[in-house]
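**Q** I have a structure I would like to understand better, so I am pasting it below and will then ask my questions one at a time.
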Amino acid sequence: MSEGEVFHEKQRLELCAIHALNNVLQERVFTKETADDICKRLAPQCVMNPHRSVLGTGNYDVNVIMAALQSRGLAAVWWDKRRSVQNLCLDKIQGFILNVPSRVSLGFVSLPLRRRHWLAVREVNGQFYNLDSKLKGPACIGGETELSKNVFLHENISDIAEMLLVVQKEIDDDGTWLKPDETRK
């Protein structure tokens with residue numbers, strides 16, 4: 001599969017959480033409407049929903065991402081940054097959703113503000129791709145070796161970024177997304 005055949009939604013409004021979900025699933029499953037419905041279920045009594053932007057432009061939080069994945073039989077596992085990414089069983093992981101700092105721009109002018117941005121990383125036919133919706137298209141990272149030793153993951157799971165592993169619910173339940181600890185033999 002070439003980069004042109006990899007599903008990749010581009011950034012619109014503050015819908016990066018939706019784009020990250022769809023990009024990691026490799027199909028358009030979620031929309032602003034489905035995310036707003038999830039927000040209403042998460043906080044049914046709230047006039048100003050705490051799980052999205054008060055302006056109605058998106059900016060969904062991790063609870064919306066987790067609920068969306070659960071609706072598809074998937075789970076989001078918080079990655080403990082103290083561990084090495086080399087401890088991951090990549091064949092058990094459907095993809096990654098990262099929450100990273102992002103610059104705020106007005107047109108071509110970059111403002112001295114930082115916001116949070118959701119992006120996806122996913123394997124397609126043996127190659128991992130950065131599916132950040134702010135990119136013009138998918139960016140090939142490489143195979144398993146390049147992903148686990150790549151500067152991309154190490155830089156993006158710094159002190160100020162978070163990473164979720166997207167796995168099947170059963171994989172989350174049995175913890176097989178993590179390699180067995182050699183010291184526990």
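Using the three backbone atoms N, Cα and C, a Cβ is placed for every residue, glycine included.
Unlike curated entries, TrEMBL annotations are predicted automatically.
Straight from TrEMBL, here's the annotation block:
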ACT_SITE  Cys16  active site
ACT_SITE  His117  active site
ACT_SITE  Asp132  active site
DOMAIN    3-181  domain 'Josephin'
**Q** Using all protein chains in view, find how many other C-beta atoms are within 10 Å of the C-beta of Cys16 (active site).
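**A** Excluding its own Cβ, Cys16 (active site) sees 28 Cβ atoms within 10 Å.
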**Q** When you measure from the Cβ of His117 (active site), which residues in the chain that are at least 6 apart have a Cβ under 8 Å away?
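**A** The answer is Cys16, Asn99, Val100, Pro101, Ser102, Asp132, Lys134.
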